[in-house]
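*Asks:* The structure's right below; bear with me while I get my questions together.
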Amino acid sequence: MEEDIDTRKINSSFLRDHSYATEADIISTVEFNSTGELLATGDKGGRVVIFQREQENKNQPHRRGEYNVYSTFQSHEPEFDYLKSLEIEEKINKIRWLPQQNAAYFLLSTNDKTVKLWKVSERDKRPEGYNLKDEDGRIRDPCTITSLRVPVLRPMDLMVEATPRRVFSNAHTYHINSISVNSDYETYMSADDLRINLWNLEITNRSFNIVDIKPTNMEELTEVITAAEFHPHNCNTFVYSSSKGTIRLCDMRSSALCDRHSKLFEEPEDPSNRSFFSEIISSISDVKFNHSGRYIMTRDYLTVKVWDLNMENRPIETYQVHDYLRSKLCSLYENDCIFDKFECVWNGSDSVIMTGSYNNFFRMFDRNTKRDVTLEASRENSKPRAILKPRKVCVGGKRRKDEISVDSLDFSKKILHTAWHPSENIIAVAATNNLYIFQDKVN
(Lines of atoms letter the chains of each structure in order from A and count residues from 1; the text may use other names and numbers.)
(Lines give C-alpha, C1' and ligand atoms only; values in the text may rest on other atoms or scores of the structure.)
Protein backbone atom coordinates (compact mmCIF):
# COMPACT_ATOMS: atom_id res chain seq x y z
CA MET A 1 0.00 0.00 0.00
CA GLU A 2 1.29 3.45 -0.83
CA GLU A 3 0.73 5.04 2.57
CA ASP A 4 1.26 3.82 6.11
CA ILE A 5 -1.71 1.79 7.14
CA ASP A 6 -2.49 3.79 10.28
CA THR A 7 -2.42 7.17 8.52
CA ARG A 8 -4.51 6.25 5.51
CA LYS A 9 -7.84 7.96 5.13
CA ILE A 10 -10.58 5.45 4.63
CA ASN A 11 -13.98 6.14 3.15
CA SER A 12 -16.95 4.18 4.31
CA SER A 13 -20.27 3.29 2.85
CA PHE A 14 -23.10 1.56 4.66
CA LEU A 15 -24.94 -0.93 2.50
CA ARG A 16 -27.31 -3.25 4.20
CA ASP A 17 -29.57 -2.16 7.01
CA HIS A 18 -32.11 -4.01 9.12
CA SER A 19 -33.16 -1.79 12.00
CA TYR A 20 -35.16 -4.67 13.48
CA ALA A 21 -32.79 -7.54 12.83
CA THR A 22 -33.82 -11.14 13.18
CA GLU A 23 -31.53 -14.16 13.44
CA ALA A 24 -32.11 -14.83 9.73
CA ASP A 25 -30.67 -11.41 8.80
CA ILE A 26 -27.23 -12.08 10.30
CA ILE A 27 -24.61 -12.15 7.52
CA SER A 28 -22.67 -15.43 7.52
CA THR A 29 -20.31 -15.02 4.54
CA VAL A 30 -18.91 -12.27 2.26
CA GLU A 31 -17.05 -12.79 -1.04
CA PHE A 32 -15.88 -10.62 -3.98
CA ASN A 33 -15.77 -12.16 -7.44
CA SER A 34 -12.48 -12.35 -9.37
CA THR A 35 -12.84 -8.84 -10.86
CA GLY A 36 -14.27 -7.18 -7.76
CA GLU A 37 -17.24 -5.88 -9.74
CA LEU A 38 -19.62 -8.11 -7.77
CA LEU A 39 -19.85 -8.76 -4.04
CA ALA A 40 -21.94 -11.62 -2.66
CA THR A 41 -23.21 -12.04 0.87
CA GLY A 42 -25.01 -14.99 2.42
CA ASP A 43 -27.05 -14.91 5.61
CA LYS A 44 -28.51 -17.24 8.22
CA GLY A 45 -31.88 -17.13 6.44
CA GLY A 46 -30.41 -18.95 3.41
CA ARG A 47 -30.48 -15.85 1.19
CA VAL A 48 -27.76 -14.67 -1.17
CA VAL A 49 -27.57 -10.95 -1.93
CA ILE A 50 -25.29 -9.84 -4.78
CA PHE A 51 -24.10 -6.24 -5.03
CA GLN A 52 -22.76 -4.68 -8.25
CA ARG A 53 -20.24 -1.87 -8.39
CA GLU A 54 -21.30 1.51 -9.80
CA GLN A 55 -19.97 2.23 -13.26
CA GLU A 56 -17.58 5.14 -13.89
CA ASN A 57 -19.32 8.52 -13.92
CA LYS A 58 -17.30 11.65 -14.70
CA ASN A 59 -19.84 13.88 -12.97
CA GLN A 60 -19.80 11.81 -9.76
CA PRO A 61 -16.34 10.20 -9.48
CA HIS A 62 -16.86 9.39 -5.77
CA ARG A 63 -19.66 6.96 -6.68
CA ARG A 64 -17.24 4.60 -8.45
CA GLY A 65 -16.62 2.67 -5.24
CA GLU A 66 -20.27 2.27 -4.36
CA TYR A 67 -22.10 -1.04 -4.63
CA ASN A 68 -25.83 -1.43 -5.25
CA VAL A 69 -28.08 -4.48 -4.96
CA TYR A 70 -27.86 -6.49 -8.19
CA SER A 71 -29.74 -9.68 -7.33
CA THR A 72 -31.31 -11.38 -4.31
CA PHE A 73 -32.38 -15.01 -4.20
CA GLN A 74 -33.17 -17.79 -1.75
CA SER A 75 -30.30 -20.26 -2.04
CA HIS A 76 -31.18 -22.79 0.68
CA GLU A 77 -34.32 -23.71 2.61
CA PRO A 78 -34.51 -25.33 6.06
CA GLU A 79 -34.73 -29.12 5.87
CA PHE A 80 -35.22 -32.05 8.22
CA ASP A 81 -33.20 -35.25 8.24
CA TYR A 82 -35.77 -37.87 9.24
CA LEU A 83 -33.20 -40.65 9.59
CA LYS A 84 -31.23 -38.75 12.22
CA SER A 85 -34.07 -36.54 13.52
CA LEU A 86 -31.95 -33.46 12.85
CA GLU A 87 -32.89 -30.05 11.53
CA ILE A 88 -30.67 -28.80 8.71
CA GLU A 89 -30.27 -25.03 8.88
CA GLU A 90 -30.66 -22.89 5.78
CA LYS A 91 -27.68 -20.72 6.85
CA ILE A 92 -25.16 -20.05 4.06
CA ASN A 93 -21.76 -21.16 5.37
CA LYS A 94 -19.64 -20.20 2.37
CA ILE A 95 -19.88 -18.62 -1.10
CA ARG A 96 -17.21 -19.09 -3.77
CA TRP A 97 -17.27 -17.49 -7.23
CA LEU A 98 -16.20 -19.33 -10.36
CA PRO A 99 -14.12 -17.40 -12.93
CA GLN A 100 -16.35 -15.67 -15.47
CA GLN A 101 -16.36 -17.47 -18.84
CA ASN A 102 -19.18 -15.58 -20.60
CA ALA A 103 -21.83 -12.96 -19.89
CA ALA A 104 -23.26 -14.98 -16.99
CA TYR A 105 -21.82 -15.34 -13.50
CA PHE A 106 -21.52 -18.62 -11.59
CA LEU A 107 -21.12 -19.15 -7.86
CA LEU A 108 -21.15 -22.00 -5.36
CA SER A 109 -23.08 -21.65 -2.11
CA THR A 110 -23.33 -24.16 0.71
CA ASN A 111 -25.19 -24.75 3.94
CA ASP A 112 -24.32 -27.55 6.39
CA LYS A 113 -25.11 -30.39 3.97
CA THR A 114 -25.73 -29.27 0.38
CA VAL A 115 -23.64 -27.32 -2.14
CA LYS A 116 -25.42 -25.56 -5.02
CA LEU A 117 -24.07 -24.10 -8.26
CA TRP A 118 -25.95 -20.94 -9.26
CA LYS A 119 -26.04 -19.13 -12.59
CA VAL A 120 -26.72 -15.39 -12.40
CA SER A 121 -27.57 -13.85 -15.78
CA GLU A 122 -29.18 -10.74 -17.26
CA ARG A 123 -32.11 -10.53 -19.66
CA ASP A 124 -33.10 -7.35 -21.49
CA LYS A 125 -34.93 -8.89 -24.47
CA ARG A 126 -37.89 -11.23 -24.76
CA PRO A 127 -39.12 -13.24 -27.74
CA GLU A 128 -42.48 -12.37 -29.33
CA GLY A 129 -44.48 -13.61 -32.29
CA TYR A 130 -44.70 -17.37 -31.68
CA ASN A 131 -46.91 -19.30 -34.08
CA LEU A 132 -48.38 -21.77 -31.57
CA LYS A 133 -48.63 -19.41 -28.56
CA ASP A 134 -50.28 -16.04 -28.09
CA GLU A 135 -48.54 -13.12 -26.34
CA ASP A 136 -49.75 -14.35 -22.91
CA GLY A 137 -48.22 -17.79 -23.46
CA ARG A 138 -51.51 -19.63 -24.06
CA ILE A 139 -51.60 -22.34 -26.75
CA ARG A 140 -53.40 -21.11 -29.88
CA ASP A 141 -56.00 -23.17 -31.73
CA PRO A 142 -54.22 -24.52 -34.84
CA CYS A 143 -57.41 -23.89 -36.86
CA THR A 144 -57.09 -20.13 -36.27
CA ILE A 145 -53.51 -19.91 -37.51
CA THR A 146 -53.63 -18.55 -41.06
CA SER A 147 -50.14 -17.14 -41.49
CA LEU A 148 -46.60 -18.05 -40.60
CA ARG A 149 -44.87 -15.66 -38.22
CA VAL A 150 -41.15 -15.27 -37.57
CA PRO A 151 -40.48 -14.77 -33.82
CA VAL A 152 -38.57 -11.59 -32.95
CA LEU A 153 -36.74 -10.31 -29.86
CA ARG A 154 -38.20 -7.18 -28.27
CA PRO A 155 -36.42 -4.95 -25.72
CA MET A 156 -37.61 -5.18 -22.11
CA ASP A 157 -36.57 -3.86 -18.71
CA LEU A 158 -33.35 -5.42 -17.46
CA MET A 159 -34.01 -8.50 -15.36
CA VAL A 160 -31.40 -10.42 -13.36
CA GLU A 161 -32.17 -14.12 -12.96
CA ALA A 162 -30.57 -16.59 -10.56
CA THR A 163 -31.09 -20.24 -11.49
CA PRO A 164 -29.71 -23.36 -9.76
CA ARG A 165 -27.66 -25.36 -12.31
CA ARG A 166 -26.35 -28.15 -10.05
CA VAL A 167 -27.16 -29.49 -6.59
CA PHE A 168 -24.40 -31.49 -4.87
CA SER A 169 -25.91 -33.37 -1.94
CA ASN A 170 -25.81 -36.55 0.17
CA ALA A 171 -22.03 -36.63 0.52
CA HIS A 172 -21.49 -35.13 3.98
CA THR A 173 -22.44 -36.71 7.29
CA TYR A 174 -21.09 -33.75 9.25
CA HIS A 175 -21.39 -29.98 8.82
CA ILE A 176 -19.67 -28.45 5.78
CA ASN A 177 -17.28 -25.68 6.86
CA SER A 178 -15.40 -24.94 3.61
CA ILE A 179 -15.67 -25.05 -0.15
CA SER A 180 -12.79 -24.22 -2.48
CA VAL A 181 -12.69 -24.04 -6.29
CA ASN A 182 -9.65 -25.68 -7.88
CA SER A 183 -7.34 -23.82 -10.25
CA ASP A 184 -8.34 -26.24 -13.04
CA TYR A 185 -11.86 -24.71 -12.78
CA GLU A 186 -13.31 -28.18 -13.33
CA THR A 187 -13.31 -29.43 -9.75
CA TYR A 188 -13.88 -28.14 -6.25
CA MET A 189 -13.68 -29.56 -2.76
CA SER A 190 -16.02 -29.44 0.20
CA ALA A 191 -14.83 -30.07 3.75
CA ASP A 192 -16.76 -31.04 6.85
CA ASP A 193 -15.58 -31.83 10.39
CA LEU A 194 -14.02 -35.20 9.49
CA ARG A 195 -13.90 -35.55 5.70
CA ILE A 196 -12.97 -33.65 2.55
CA ASN A 197 -14.63 -34.54 -0.77
CA LEU A 198 -13.55 -33.71 -4.32
CA TRP A 199 -16.29 -32.92 -6.86
CA ASN A 200 -16.45 -32.34 -10.59
CA LEU A 201 -18.57 -29.26 -11.31
CA GLU A 202 -20.49 -31.21 -13.97
CA ILE A 203 -21.24 -34.33 -11.90
CA THR A 204 -23.63 -34.16 -8.95
CA ASN A 205 -24.15 -37.82 -8.07
CA ARG A 206 -20.53 -38.77 -7.37
CA SER A 207 -17.67 -37.33 -5.34
CA PHE A 208 -14.27 -38.66 -4.26
CA ASN A 209 -13.29 -38.76 -0.62
CA ILE A 210 -9.74 -37.34 -0.44
CA VAL A 211 -9.35 -36.90 3.34
CA ASP A 212 -10.97 -38.98 6.08
CA ILE A 213 -9.81 -38.47 9.67
CA LYS A 214 -12.74 -40.27 11.28
CA PRO A 215 -11.38 -42.88 13.74
CA THR A 216 -12.87 -46.37 13.92
CA ASN A 217 -13.89 -45.62 17.48
CA MET A 218 -15.32 -42.11 17.81
CA GLU A 219 -14.15 -41.99 21.43
CA GLU A 220 -10.61 -41.76 20.04
CA LEU A 221 -11.41 -38.56 18.13
CA THR A 222 -8.92 -35.85 19.11
CA GLU A 223 -9.34 -33.20 16.41
CA VAL A 224 -11.65 -32.02 13.64
CA ILE A 225 -11.12 -30.28 10.30
CA THR A 226 -11.85 -26.56 10.58
CA ALA A 227 -11.01 -25.15 7.11
CA ALA A 228 -9.59 -26.23 3.74
CA GLU A 229 -8.39 -24.52 0.58
CA PHE A 230 -6.84 -25.41 -2.78
CA HIS A 231 -3.49 -23.98 -3.86
CA PRO A 232 -4.15 -21.01 -6.22
CA HIS A 233 -1.98 -22.45 -9.03
CA ASN A 234 -1.19 -26.15 -8.39
CA CYS A 235 -4.40 -28.10 -8.92
CA ASN A 236 -3.09 -31.16 -7.05
CA THR A 237 -2.18 -29.33 -3.81
CA PHE A 238 -4.42 -28.26 -0.95
CA VAL A 239 -4.23 -27.49 2.76
CA TYR A 240 -6.55 -28.12 5.65
CA SER A 241 -6.42 -26.91 9.23
CA SER A 242 -7.49 -28.57 12.44
CA SER A 243 -8.85 -27.77 15.88
CA LYS A 244 -5.43 -28.70 17.31
CA GLY A 245 -3.76 -25.77 15.59
CA THR A 246 -2.05 -27.80 12.86
CA ILE A 247 -2.05 -27.22 9.09
CA ARG A 248 -1.56 -30.14 6.72
CA LEU A 249 -0.42 -29.73 3.13
CA CYS A 250 -1.54 -32.60 0.88
CA ASP A 251 -0.65 -33.64 -2.65
CA MET A 252 -3.25 -35.66 -4.56
CA ARG A 253 -0.55 -37.07 -6.85
CA SER A 254 0.92 -39.14 -4.01
CA SER A 255 -2.26 -41.11 -3.29
CA ALA A 256 -5.98 -40.99 -3.93
CA LEU A 257 -6.73 -40.76 -0.21
CA CYS A 258 -4.60 -37.99 1.30
CA ASP A 259 -4.69 -39.19 4.90
CA ARG A 260 -0.92 -38.92 4.94
CA HIS A 261 0.10 -35.31 4.52
CA SER A 262 3.10 -34.04 2.58
CA LYS A 263 3.87 -31.35 5.15
CA LEU A 264 2.69 -30.58 8.67
CA PHE A 265 2.86 -26.99 9.91
CA GLU A 266 2.77 -26.67 13.69
CA GLU A 267 4.25 -24.23 16.17
CA PRO A 268 5.63 -25.74 19.40
CA GLU A 269 3.64 -24.56 22.40
CA ASP A 270 5.29 -22.25 24.90
CA PRO A 271 5.03 -24.10 28.26
CA SER A 272 4.87 -20.78 30.14
CA ASN A 273 1.61 -19.90 28.33
CA ARG A 274 -0.01 -23.28 28.97
CA SER A 275 -3.52 -23.02 30.45
CA PHE A 276 -6.92 -24.70 30.48
CA PHE A 277 -7.85 -22.68 27.37
CA SER A 278 -4.66 -23.37 25.35
CA GLU A 279 -6.17 -26.03 23.12
CA ILE A 280 -9.37 -24.04 22.48
CA ILE A 281 -7.62 -20.81 21.48
CA SER A 282 -5.10 -22.67 19.28
CA SER A 283 -7.90 -24.05 17.08
CA ILE A 284 -7.56 -22.59 13.58
CA SER A 285 -10.73 -20.94 12.28
CA ASP A 286 -9.51 -19.94 8.81
CA VAL A 287 -6.70 -20.79 6.39
CA LYS A 288 -5.82 -18.88 3.20
CA PHE A 289 -3.11 -19.19 0.56
CA ASN A 290 -1.66 -15.90 -0.59
CA HIS A 291 -2.05 -15.03 -4.28
CA SER A 292 1.34 -16.49 -5.28
CA GLY A 293 0.76 -19.71 -3.32
CA ARG A 294 4.09 -19.41 -1.47
CA TYR A 295 2.59 -18.50 1.92
CA ILE A 296 -0.33 -19.63 4.08
CA MET A 297 -2.19 -17.40 6.52
CA THR A 298 -4.04 -18.89 9.49
CA ARG A 299 -6.30 -17.33 12.10
CA ASP A 300 -6.73 -18.72 15.59
CA TYR A 301 -8.60 -17.06 18.45
CA LEU A 302 -5.96 -14.49 19.42
CA THR A 303 -3.53 -14.30 16.48
CA VAL A 304 -2.98 -14.30 12.74
CA LYS A 305 0.05 -16.26 11.54
CA VAL A 306 1.83 -16.37 8.18
CA TRP A 307 3.63 -19.59 7.25
CA ASP A 308 6.21 -20.19 4.53
CA LEU A 309 5.52 -23.44 2.65
CA ASN A 310 9.22 -24.25 2.97
CA MET A 311 9.31 -23.94 6.78
CA GLU A 312 7.07 -26.22 8.81
CA ASN A 313 8.30 -25.78 12.39
CA ARG A 314 7.12 -22.21 13.04
CA PRO A 315 5.37 -19.27 11.33
CA ILE A 316 7.48 -16.51 9.80
CA GLU A 317 5.09 -13.82 11.07
CA THR A 318 2.71 -13.65 14.04
CA TYR A 319 0.27 -10.78 14.59
CA GLN A 320 -1.59 -10.26 17.87
CA VAL A 321 -5.22 -9.45 17.01
CA HIS A 322 -6.60 -8.83 20.50
CA ASP A 323 -4.05 -10.02 23.04
CA TYR A 324 -5.79 -7.88 25.67
CA LEU A 325 -8.46 -10.61 25.81
CA ARG A 326 -6.01 -13.16 27.23
CA SER A 327 -7.01 -12.16 30.77
CA LYS A 328 -10.70 -12.46 29.82
CA LEU A 329 -10.62 -16.05 28.53
CA CYS A 330 -12.58 -17.40 31.48
CA SER A 331 -15.59 -15.13 30.89
CA LEU A 332 -15.28 -15.63 27.12
CA TYR A 333 -15.48 -19.37 27.73
CA GLU A 334 -18.58 -18.98 29.87
CA ASN A 335 -20.43 -16.95 27.21
CA ASP A 336 -19.17 -19.23 24.37
CA CYS A 337 -17.39 -16.36 22.58
CA ILE A 338 -14.13 -18.31 22.83
CA PHE A 339 -15.55 -20.62 20.13
CA ASP A 340 -16.17 -17.78 17.62
CA LYS A 341 -14.64 -18.45 14.21
CA PHE A 342 -12.94 -15.36 12.77
CA GLU A 343 -11.87 -15.23 9.12
CA CYS A 344 -8.81 -13.49 7.67
CA VAL A 345 -8.02 -12.05 4.21
CA TRP A 346 -5.06 -10.80 2.16
CA ASN A 347 -5.15 -7.61 0.14
CA GLY A 348 -4.50 -7.83 -3.62
CA SER A 349 -0.72 -7.48 -3.28
CA ASP A 350 -0.44 -9.71 -0.16
CA SER A 351 1.17 -6.80 1.73
CA VAL A 352 -1.68 -6.22 4.18
CA ILE A 353 -3.72 -8.66 6.29
CA MET A 354 -7.20 -7.99 7.65
CA THR A 355 -9.24 -9.82 10.26
CA GLY A 356 -12.10 -9.10 12.64
CA SER A 357 -12.49 -8.67 16.37
CA TYR A 358 -15.14 -7.71 18.94
CA ASN A 359 -16.99 -4.42 19.50
CA ASN A 360 -17.33 -4.20 15.68
CA PHE A 361 -13.56 -3.63 15.47
CA PHE A 362 -11.45 -4.99 12.65
CA ARG A 363 -7.67 -5.07 12.43
CA MET A 364 -5.21 -4.42 9.60
CA PHE A 365 -1.55 -5.41 9.65
CA ASP A 366 0.98 -4.02 7.14
CA ARG A 367 3.54 -6.78 6.57
CA ASN A 368 6.18 -4.40 5.21
CA THR A 369 6.11 -1.58 7.76
CA LYS A 370 4.89 -3.81 10.65
CA ARG A 371 2.32 -1.13 11.49
CA ASP A 372 -1.18 -2.09 12.51
CA VAL A 373 -4.46 -0.26 12.98
CA THR A 374 -7.80 -0.95 14.64
CA LEU A 375 -10.88 0.43 12.88
CA GLU A 376 -14.55 0.30 13.80
CA ALA A 377 -17.53 -0.56 11.60
CA SER A 378 -20.53 1.09 13.19
CA ARG A 379 -23.38 3.30 12.06
CA GLU A 380 -22.40 6.04 14.52
CA ASN A 381 -18.90 6.38 13.06
CA SER A 382 -19.60 5.42 9.47
CA LYS A 383 -21.77 7.91 7.69
CA PRO A 384 -21.31 7.56 3.90
CA ARG A 385 -17.90 8.87 2.86
CA ALA A 386 -16.93 9.66 6.45
CA ILE A 387 -13.28 9.16 7.40
CA LEU A 388 -12.59 6.32 9.82
CA LYS A 389 -10.49 7.10 12.86
CA PRO A 390 -8.16 4.52 14.40
CA ARG A 391 -9.38 3.05 17.71
CA LYS A 392 -7.31 1.90 20.67
CA VAL A 393 -8.17 -0.48 23.49
CA CYS A 394 -6.91 0.34 26.98
CA VAL A 395 -6.07 -2.67 29.17
CA GLY A 396 -5.64 -1.02 32.56
CA GLY A 397 -4.61 2.12 34.37
CA LYS A 398 -5.49 5.55 33.07
CA ARG A 399 -7.58 5.69 29.92
CA ARG A 400 -7.17 8.44 27.36
CA LYS A 401 -10.15 10.21 25.89
CA ASP A 402 -9.93 8.42 22.53
CA GLU A 403 -9.36 4.95 24.05
CA ILE A 404 -11.92 2.31 24.98
CA SER A 405 -11.55 0.11 28.04
CA VAL A 406 -11.29 -3.64 27.54
CA ASP A 407 -14.02 -4.02 30.17
CA SER A 408 -16.51 -2.03 28.08
CA LEU A 409 -16.11 -4.03 24.85
CA ASP A 410 -19.37 -5.41 23.47
CA PHE A 411 -18.81 -9.10 22.72
CA SER A 412 -22.19 -9.43 21.00
CA LYS A 413 -20.88 -7.12 18.25
CA LYS A 414 -18.31 -9.14 16.36
CA ILE A 415 -16.81 -9.04 12.88
CA LEU A 416 -16.29 -12.63 11.77
CA HIS A 417 -16.53 -12.20 7.98
CA THR A 418 -14.50 -9.85 5.79
CA ALA A 419 -13.46 -9.64 2.13
CA TRP A 420 -10.89 -7.61 0.18
CA HIS A 421 -11.27 -6.45 -3.43
CA PRO A 422 -8.85 -8.50 -5.60
CA SER A 423 -6.99 -5.48 -6.99
CA GLU A 424 -8.09 -2.28 -5.22
CA ASN A 425 -8.13 -1.06 -1.63
CA ILE A 426 -11.82 -1.73 -1.14
CA ILE A 427 -12.95 -3.95 1.72
CA ALA A 428 -16.28 -5.45 2.76
CA VAL A 429 -16.99 -5.99 6.45
CA ALA A 430 -19.99 -7.86 7.85
CA ALA A 431 -21.01 -6.57 11.28
CA THR A 432 -23.80 -8.89 12.45
CA ASN A 433 -26.69 -7.92 10.13
CA ASN A 434 -25.04 -4.90 8.50
CA LEU A 435 -22.61 -4.78 5.58
CA TYR A 436 -20.06 -2.00 5.29
CA ILE A 437 -17.88 -1.09 2.32
CA PHE A 438 -14.69 0.84 3.03
CA GLN A 439 -12.22 2.24 0.51
CA ASP A 440 -9.14 4.44 0.37
CA LYS A 441 -10.18 8.07 0.24
CA VAL A 442 -9.97 9.52 -3.26
CA ASN A 443 -8.74 13.10 -3.05
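Note that Cβ sites are derived from N, Cα and C of the backbone, with glycine treated the same way.
Predicted, not measured: the structure shown is a model, and the values here were computed from it.
According to Swiss-Prot, the repeat 'WD 1' annotation covers 22-61. Sequence annotations record features per position, and here Swiss-Prot assigns repeat 'WD 2' to 87-128. Residues or ranges marked as repeat 'WD 3' in Swiss-Prot: 171-209. Positions annotated as repeat 'WD 4' by Swiss-Prot: 220-260. As annotated by Swiss-Prot, repeat 'WD 5' applies to 279-317. Taken from Swiss-Prot, the feature repeat 'WD 6' applies to 334-375. According to Swiss-Prot, the repeat 'WD 7' annotation covers 410-443.
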*Asks:* So, do the repeat 'WD 7' (410-443) and the repeat 'WD 5' (279-317) meet, by the test of 3 or more Cβ pairs under 8 Å (sequence gap 6 or more)?
*Replies:* no
*Asks:* Quick one: do the repeat 'WD 2' (87-128) and the repeat 'WD 1' (22-61) reach 3+ CB pairs under 8 Å, ignoring pairs fewer than 6 apart in sequence?
*Replies:* yes
*Asks:* Do any residues of this chain, six or more beyond the ends of the repeat 'WD 5' (279-317), have a C-beta under 8 angstroms from a C-beta of it, and if so which?
*Replies:* 226-234, 239-247, 249, 263-269, 323, 325-326, 329, 333, 338-346, 348-350, 353, 355, 365, 367
*Asks:* As a quick check of your reading of DSSP, tell me how many residues in the repeat 'WD 7' (410-443) are helical, how many are strand and how many are coil.
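*Replies:* DSSP composition of the repeat 'WD 7' (410-443): 0 helix, 18 strand, 16 coil.
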*Asks:* Can you give me the average pLDDT across the repeat 'WD 3' (171-209), rounded to a whole number?
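*Replies:* A mean pLDDT of 96 is what the model gives the repeat 'WD 3' (171-209).
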*Asks:* Taking a Cβ cut-off under 8 Å, which residues six or more beyond the ends of the repeat 'WD 1' (22-61) line up next to it in the same chain?
*Replies:* 15-16, 67-78, 89-97, 99-100, 105, 107, 109, 111, 118, 120, 162, 417-424, 426, 428-430, 432-435, 437, 442
